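What follows is a set of notes on a single structure, which appears directly below.
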Ligand SMILES: CC(=O)N[C@H]1[C@@H](OP(=O)(O)OP(=O)(O)OC[C@H]2O[C@@H](n3ccc(=O)[nH]c3=O)[C@H](O)[C@@H]2O)O[C@H](CO)[C@@H](O)[C@@H]1O
């Protein structure tokens with residue numbers, strides 16, 4: 001298969017695209033991938049580092065209010081469409097896949113106008129602006145949450161495929177997760193992580209909880225602060241407890257997140273779409289603290305969907321405190337039946353086969369052409 005992937009801005013748009021590319025190559029080694037992204041976005045570093053050919057297209061986003069910048073954005077969009085058409089005519093893909101972010105706009109639109117089959121993937125329960133615009137041009141919209149199906153009514157085909165990041169985590173080794181933390185297999189782990197960049201509000205609460213954690217002596221707490229917050233958080237923890245106990249493990253970032261997730265009993269997390277797909281695919285009970293700093297508060301919609309199914313408890317950031325979070329962790333970790341019930345509910349939502357479902361859709365689109 002010759003496939004163009006496009007998506008960018010945050011890891012939340014890039015990792016699903018890469019997971020789809022990985023599955024395409026697993027199914028057919030002779031496949032060729034071209035990734036089209038913005039020249040300065042995160043994708044311009046992540047994608048070439050994985051050995052995938054990358055071509056840039058300049059684009060900026062629309063402002064939600066009427067402004068002169070929007071005129072410039074439209075002109076840049078049209079230029080982006082011309083550039084995308086050149087790249088597509090040269091690469092001659094069988095199919096084009098967009099996973100959200102502004103850059104998808106010109107690329108998927110250009111592909112549709114050239115008659116190349118297109119699929120867009122929406123990660124969030126509340127769809128993004130670019131995907132809403134592209135939905136009427138794409139041949140297929142793949143969503144990750146059941147409740148976003150009605151949000152794409154003017155689409156040729158719509159399917160719930162889940163988020164392909166889920167496929168990566170179920171392939172990972174749980175034993176490696178314990179080993180990498182230096183813990184015996186089967187240790188009970190509470191993993192707390194504030195998304196790919198860390199979250200100050202969650203780090204503040206980690207510090208507040210340090211003196212309380214002795215109440216759960218058989219539990220290991222793995223606190224992931226985010227690279228930029230690590231030094232400050234460590235300093236504050238040491239001020240509270242000069243010799244941090246052996247059951248507290250503080251790390252700036254986890255490069256083997258799928259393995260550590262596999263080893264975790266409970267996860268306390270932001271509710272970014274990929275994180276939720278990973279947690280549910282593994283059937284891990286969770287406490288979700290949505291980031292209030294995202295468009296349309298979409299992390300709360302993501303979290304609500306998982307909490308309503310009984311797989312998670314949600315705490316709104318303004319109601320977050322060390323004491324409140326610890327009481328909830330304590331209640332869940334000391335109630336085996338509740339852990340089992342939450343785990344079963346999470347597994348029901350999880351879609352570990354997501355990447356194959358999407359690649360099947362791509363094969364259908366190509367056959368139909
Ligand atoms: C702040 C922000 O705008 N977040 C948005 C961003 O997600 P953002 O990229 O912040 O978060 P996601 O939860 O979607 O993805 C994070 C990814 O990073 C990985 N990870 C994280 C920490 C770590 O130490 N190691 C590691 O590997 C996770 O396993 C996951 O695969 O795009 C998502 C998809 O549109 C949205 O739902 C989020 O609301």
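FYI, residue positions are counted from 1 along the chain as it appears here.
Cβ atoms are placed via backbone N, Cα and C, with glycine included.
Copied over from TrEMBL:
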- 10, 11, 12, 124, 196, 299: UDP-N-acetyl-alpha-D-glucosamine binding site (BINDING)
- 3-142: domain 'Glycosyltransferase family 28 N-terminal' (DOMAIN)
- 190-353: domain 'Glycosyl transferase family 28 C-terminal' (DOMAIN)
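Secondary structure of the domain 'Glycosyltransferase family 28 N-terminal' (3-142), assigned with DSSP and counted as helix (H, G, I), strand (E, B) and coil, comes to 64 helix, 25 strand, 51 coil. Classification of residue 299 (UDP-N-acetyl-alpha-D-glucosamine binding site) by DSSP places it within a helix.
Each residue in 13, 123, 195, 272, 273, 274, 275, 294 lies on the same chain as 10, 11, 12, 124, 196, 299 and has a C-beta within 8 Å of the C-beta centroid of that UDP-N-acetyl-alpha-D-glucosamine site, without being one of the site residues. With a cut-off of 8 Å between CB atoms and residues at least 6 apart in sequence, the same chain places 42, 101, 196 near residue 10 (UDP-N-acetyl-alpha-D-glucosamine binding site), listed in sequence order. For residue 11 (UDP-N-acetyl-alpha-D-glucosamine binding site), the count of additional Cβ atoms within 10 Å of its Cβ stands at 18 [all protein chains shown]. Neighbour list (residue 124 (UDP-N-acetyl-alpha-D-glucosamine binding site), Cβ cut-off 8 Å, at least 6 residues apart, same chain): 144, 145, 148, 273, 298, 301, 302. Across the binding-site residues listed here (12, 196, 299), the residue whose Cβ sits among the most other Cβ atoms within 10 Å is 299.
Residue annotation for UDP-N-acetyl-alpha-D-glucosamine gives 10, 11, 12, 124, 196, 299. The furthest Cα pair among them is separated by 16 Å.
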